[in-house]
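Copied over from TrEMBL, here are the features:
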- C:2-140: domain 'Aspartate/ornithine carbamoyltransferase carbamoyl-P binding' (DOMAIN)
- C:Arg49, C:Thr50, C:Arg99, C:His127, C:Gln130, C:Ala252, C:Pro253: carbamoyl phosphate binding site (BINDING)
- C:Lys77, C:Arg160, C:Arg211: L-aspartate binding site (BINDING)
- C:147-287: domain 'Aspartate/ornithine carbamoyltransferase Asp/Orn-binding' (DOMAIN)
Amino acid sequence: MKHLLTTNELKVEEIYQILEDARKFADGMVWKPEKQFFAANLFFEASTRTKSSFDVAEKRLGLDVVPFEALTSSVQKGETLYDTVKTLEAIGVNLAVIRHNQDRYFDELVGKIDIPIINGGDGCGHHPTQSLLDLLTIYQEFSRFSGLKIAIVGDIRHSRVARSNADVLTRMGAEVVFSGPKEWYDSSLNLANYSPIDEVIEEADVVMLLRVQHERHEKKGGFSAGEYHQKYGLTLEREKRMKQGSIIMHPAPVNRNVEIADSLVECERSRIFKQMQNGVYVRMAVIKRSIESIQGGNQYETAYSKRILHSI
Amino acid sequence: MKHLLTTNELKVEEIYQILEDARKFADGMVWKPEKQFFAANLFFEASTRTKSSFDVAEKRLGLDVVPFEALTSSVQKGETLYDTVKTLEAIGVNLAVIRHNQDRYFDELVGKIDIPIINGGDGCGHHPTQSLLDLLTIYQEFSRFSGLKIAIVGDIRHSRVARSNADVLTRMGAEVVFSGPKEWYDSSLNLANYSPIDEVIEEADVVMLLRVQHERHEKKGGFSAGEYHQKYGLTLEREKRMKQGSIIMHPAPVNRNVEIADSLVECERSRIFKQMQNGVYVRMAVIKRSIESIQGGNQYETAYSKRILHSI
Amino acid sequence: MKHLLTTNELKVEEIYQILEDARKFADGMVWKPEKQFFAANLFFEASTRTKSSFDVAEKRLGLDVVPFEALTSSVQKGETLYDTVKTLEAIGVNLAVIRHNQDRYFDELVGKIDIPIINGGDGCGHHPTQSLLDLLTIYQEFSRFSGLKIAIVGDIRHSRVARSNADVLTRMGAEVVFSGPKEWYDSSLNLANYSPIDEVIEEADVVMLLRVQHERHEKKGGFSAGEYHQKYGLTLEREKRMKQGSIIMHPAPVNRNVEIADSLVECERSRIFKQMQNGVYVRMAVIKRSIESIQGGNQYETAYSKRILHSI
C-alpha cells in the first residue's frame with residue numbers, strides 16, 4: 001500500500017512516474033477506480049486552496065468525498081488522530097488526505113492504518129503534493145531539471161515548501177540557491193547557497209517566491225510590507241532583469257506588493273495560476289498511485305488499459 | 001459568457017426565457033452539461049436556504065459541487081475575493097455562486113474572471129435569483145404581470161428583495177406599491193407609491209411581505225414584535241379583507257407573528273413554500289443559461305434536443 | 001411513510017427485517033432508489049462519527065447529500081426546527097437525518113412534515129441507529145438474542161445508548177444487567193439488575209461499555225480517570241476473567257484507559273471497530289426502509305428484485 005508522506009521517500013523514478021501521470025491527466029486522460037471509492041479530507045488547519053484542489057481531483061477520478069469538519073468532529077471531545085482515522089476507515093473511507101499542524105503526525109498512523117494516507121501538509125515540515133506540482137510546472141516548461149538554477153526566495157525557515165523543494169530539486173539534478181531576509185534563513189541549509197536577491201534574479205531559470213507567513217511570526221521580523229518588497233521582493237524593476245525564458249512561481253496565497261508586485265502576479269513569466277491547475281493533476285496522479293497499490297498492480301494494468309481505450 | 005449579477009441588466013425577453021426554462025424544470029425536464037462540470041458556492045454570509053437551494057439545483061443538473069467554507073478559507077489569511085475566485089477557476093471550478101456583504105462585489109471580478117458568476121446576494125443591493133423565483137411564483141399564478149398590483153410590505157430600506165423586485169416587476173408590466181413603517185421607507189423610491197397596510201391589503205393581487213431584519217438594525221426601530229405585527233403585519237383580520245384570488249409571498253425565513261400571523265404561513269393564499277420550491281427551478285434555469293453560454297449555443301441546441309428526447 | 005424515531009416503536013419483526021437487510025448490505029447487496037434522491041443530515045450537535053456514517057450510507061445507496069451546517073444556517077437567525085425542515089423539504093430534500101440536543105425534538109415534526117425523519121440522536125433520550133448497530137453486532141456473533149446476558153457498564157444516566165439498548169435487548173429476548181458507579185445509576189431502571197463490575201464480567205456474553213461523558217458532568221462525579229478505570233473500567237485483569245466467547249462493545253469515541261485499557265480496544269474480543277462498520281450497514285437498511293415506504297411497497301418489490309438481479 002502506497003502512502004504519500006514526504007518527497008524525501010520518493011525515488012527519482014517514482015517522481016517521474018507521478019509527473020508522467022499528471023501530464024496525462026492534464027491532457028485529458030480518464031482513469032477511475034474499479035468500484036465505488038470513498039476519500040476523506042481531514043484538514044486540521046485552514047486551507048481552501050489545497051482542500052478544494054484535492055476535492056476536485058477526487059471527484060474528477062469519480063471518488064465519493066466524505067465531508068469532514070475538524071471543528072465539529074469528535075477531536076473536540078479529545079479523540080486522537082489515530083482513533084479518528086481508524087473510525088473513518090471502519091465506516092468505509094478508503095483513502096485519507098490529512099493536513100495537521102503537528103510535524104510528522106503520520107508517524108503514529110503508518111503501519112497501524114489500513115488505508116493510504118496522503119500528506120496534505122504537516123507542521124513546518126512537508127507538503128509533498130505542493131513540491132510535486134512545482135516539479136510538474138518546471139518540467140512542463142523546460143522538459144528537464146538538470147542544468148537549471150532554481151532560486152527559492154523568502155521566508156525559508158517557516159516554509160514547508162522550501163525544505164521539501166530544496167531536497168527534491170537537488171535530487172532531480174537542479175541547482176538550488178536561496179535568497180531572502182537572513183533572519184529567516186535556516187541554519188540547516190547550506191549558507192554557501194545564499195545570495196542577495198539582486199544577484200539571484202539575473203541567474204535563475206526559476207524564481208520561486210515564498211509567502212510571508214504573517215500569521216506565524218507577526219511580531220518577529222519587523223519589516224513593513226513595503227520594506228520587504230523593496231529589499232527582498234520581486235519588484236517591477238527586478239523582473240526586467242530576469243534571465244530570458246525564466247519563470248516566476250509562488251505557492252499562493254500571494255501577498256500582493258509584498259513578495260511580488262501586484263501587476264506581476266499574472267504577467268507573462270508568471271506560472272502562479274498554472275501551478276494551481278497543476279495541483280489538481282498531480283493530486284489525481286498521487287491518488288491514482290495509492291488506489292492502484294490497493295487494487296493490485298496487474299489487475300490494474302488491464303483495467304487501466306481498458307479504461308483508456310474506453311475514454312478514447 | 002453570461003453571468004447573472006442583477007435583474008436590472010436582464011432584458012424582459014431574457015427573463016421570460018429563464019421563467020420558461022424554470023417551468024420546464026418544474027415539469028420534469030432533464031438537462032445536463034455535456035461533460036463533468038464543477039460549481040462552487042461561495043457564501044460569505046450565513047444562508048442555509050439559498051445555499052442549499054443552489055446545491056440541490058446544481059446536483060439536479062448533474063454538477064459536482066466543490067465545498068467552500070468562507071470561515072476556514074484563505075480569506076482568513078487576507079486573500080482578496082478576486083484571488084479566491086481566480087484560484088477556484090484555476091483548480092477547475094467552472095461556475096461560481098457568490099453571496100457577499102459588499103455591495104456590487106462582482107464589479108472587481110467581471111471581465112477578469114473566465115467563469116460565469118451567479119450573484120447569490122450582495123450587500124443590501126441585489127438578489128436576482130430571489131427576484132426571479134418571485135416572478136415565477138407570480139407568473140404561475142396569474143400567467144401575466146400586466147394589470148397586477150403588487151404590494152411590497154415591510155423593511156424596504158434593508159431588503160435586497162424590495163429593490164430588485166420593485167424594478168423588475170415594473171418592467172414586466174406590474175404596478176408596485178409599498179407599505180410598512182415610514183422609518184424604514186427608502187427615499188430612493190417614489191413616495192407616491194406608499195400606502196398604509198390597511199388600504200394596500202384590499203387592492204393587491206400579491207402581498208409580498210419582507211422579513212424584519214432584526215440582525216441588521218436591532219436598536220433602531222423601537223417596535224416590539226407585537227407592535228410591528230399589529231401596525232404593519234399580515235394579521236388574521238387583514239388576511240380576511242384580501243382581494244379574491246390574491247396571494248401571500250415572503251422570502252423567508254419568516255418571523256412568525258411578526259410579519260405574518262403564525263397560522264397564515266401555510267394558509268391557502270400562502271405561496272411561501274411554493275417560492276422555495278420555485279427557487280430550485282429558477283436556479284437550475286439560470287445555471288443552464290450560464291453553462292450554455294460557455295458550451296456554445298448551437299452545440300447546445302442539439303445536445304439539448306437529444307437530452308430531452310432521451311429523457312422522454 | 002416510515003420514520004425512525006425510537007427503537008421502542010419498532011416491532012420485533014421490523015427489527016429483524018432491518019438486521020436482515022443490514023446483513024445483506026454487509027454481504028455486498030446493491031440497492032438504490034428509483035430516481036435521484038436527496039438526503040440532508042442536520043446535526044445540531046457535534047458528531048463526526050455518526051454524521052460521516054450516515055453520509056457514507058447515503059452515498060453507497062446512490063443518494064445525493066445536501067450539506068447542512070447548523071452553525072451557518074438560518075437557525076442562527078432564530079428559525080425553528082420545523083421551519084428549517086419544511087424549507088429543506090420545499091427545496092427538494094427527500095429524507096432528513098436529525099441530531100438535536102432537545103429530547104423528542106421530532107414530536108414537533110411528525111405529522112406535519114412530508115419526508116421521512118431518521119433520528120440520529122435526541123437529548124439524552126434515543127439513538128436508534130446506535131441500538132440497531134449494537135443488535136447487528138451481537139446477532140452476527142451469536143445468531144440469537146435469547147439466552148444471552150448483556151452487561152451495560154458505565155454512565156447509564158447520561159447515555160442515550162443505555163436506555164434504548166436496555167429496552168430493545170430485553171424485547172429481543174436477552175437478559176440485561178447494569179454496572180458502573182451508583183451515582184450514575186438511573187432510578188428509572190430496575191435496581192435489582194445492578195451488579196458490581198467484578199461479578200458482571202464473568203457472566204456476561206456481551207460487555208457493553210459506555211463512554212464517560214466528561215463534557216456533560218465535568219464537575220459531578222469526582223473520579224479521576226485512573227480511579228474510574230480501576231473501579232469500573234475494563235482493565236487487563238478483568239478482561240482475562242471474561243467468559244469464553246464473550247465480546248466487548250463500546251459506542252465510541254473511547255476514552256482509552258478510562259472505560260477500557262488502551263491495549264484492549266483492538267483485542268480479539270473487541271468488536272468496537274466492527275460496530276462502526278455495522279453502523280453503515282444498519283443505516284443503509286434503515287434509509288432503504290424509509291425510501292421504500294415512500295416509493296410504495298409493491299412497486300419496490302419488483303424494482304428491488306430487478307436491481308438485485310442486475311447487481312449479480
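Backbone N, Cα and C atoms are what each Cβ position is placed from, and that goes for glycine too.
Automatic prediction, not curation, is the source of TrEMBL annotations.
Overlay of TrEMBL annotations on the structure.
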{"residue": "C:Arg49", "record": "carbamoyl phosphate binding site", "DSSP class": "helix"}
{"residue": "C:Arg99", "record": "carbamoyl phosphate binding site", "DSSP class": "strand"}
{"residue": "C:His127", "record": "carbamoyl phosphate binding site", "DSSP class": "coil"}
{"residue": "C:Arg211", "record": "L-aspartate binding site", "DSSP class": "coil"}
{"residue": "C:Ala252", "record": "carbamoyl phosphate binding site", "DSSP class": "coil"}
If you measure Cβ to Cβ, which of the binding-site residues C:Thr50, C:Arg99, C:His127, C:Arg211, C:Ala252, C:Pro253 are under 8 Å from chain A?
C:Ala252, C:Pro253
Going along the chain, which residues six or more apart from C:Thr50 (carbamoyl phosphate binding site) have their CB under 8 A from its CB?
C:Phe43, C:Arg99, C:Gly120, C:Gly121, C:Thr129, C:Gln130, C:Gly279
Residues within 8 Å of the C:Arg49, C:Thr50, C:Arg99, C:His127, C:Gln130, C:Ala252, C:Pro253 Cβ centre (excluding the carbamoyl phosphate site residues themselves):
C:Ser47, C:Ser53, C:Gly121, C:Pro251, C:Gly279
Let me check the 10 A CB neighbour count of C:Ala252 (carbamoyl phosphate binding site). How many other CB atoms are there?
22
DSSP-derived helix, strand and coil totals, residue by residue, for the domain 'Aspartate/ornithine carbamoyltransferase Asp/Orn-binding' (C:147-287):
58 helix, 22 strand, 61 coil
Would you count the other CB atoms within 10 A of the CB of C:Arg211 (L-aspartate binding site), including those on all shown protein chains?
21
Pop the Cα-Cα gap between C:Arg211 (L-aspartate binding site) and C:Arg49 (carbamoyl phosphate binding site) into the table, whole Å please.
14
Number of helical, extended and coil residues in the domain 'Aspartate/ornithine carbamoyltransferase carbamoyl-P binding' (C:2-140), per DSSP:
62 helix, 23 strand, 54 coil
With Cβ-Cβ distance below 8 Å and at least 6 positions apart along the chain, what are the contacts of C:Pro253 (carbamoyl phosphate binding site)? List them in sequence order.
C:Arg49, C:Arg211
Enter the number of other CB atoms within 10 angstroms of the CB of C:Arg49 (carbamoyl phosphate binding site).
24
Just checking, which of C:Arg99, C:His127 (binding-site residues) has the fewest C-beta atoms within 10 Å of its C-beta?
C:Arg99
State, in Å as a whole number, the widest CA to CA span among the carbamoyl phosphate-binding residues C:Arg49, C:Thr50, C:Arg99, C:His127, C:Gln130, C:Ala252, C:Pro253 given in the record.
17
Cβ-Cβ neighbours of C:Gln130 (carbamoyl phosphate binding site) (radius 10 Å):
25
Model confidence over the domain 'Aspartate/ornithine carbamoyltransferase Asp/Orn-binding' (C:147-287), averaged pLDDT:
89
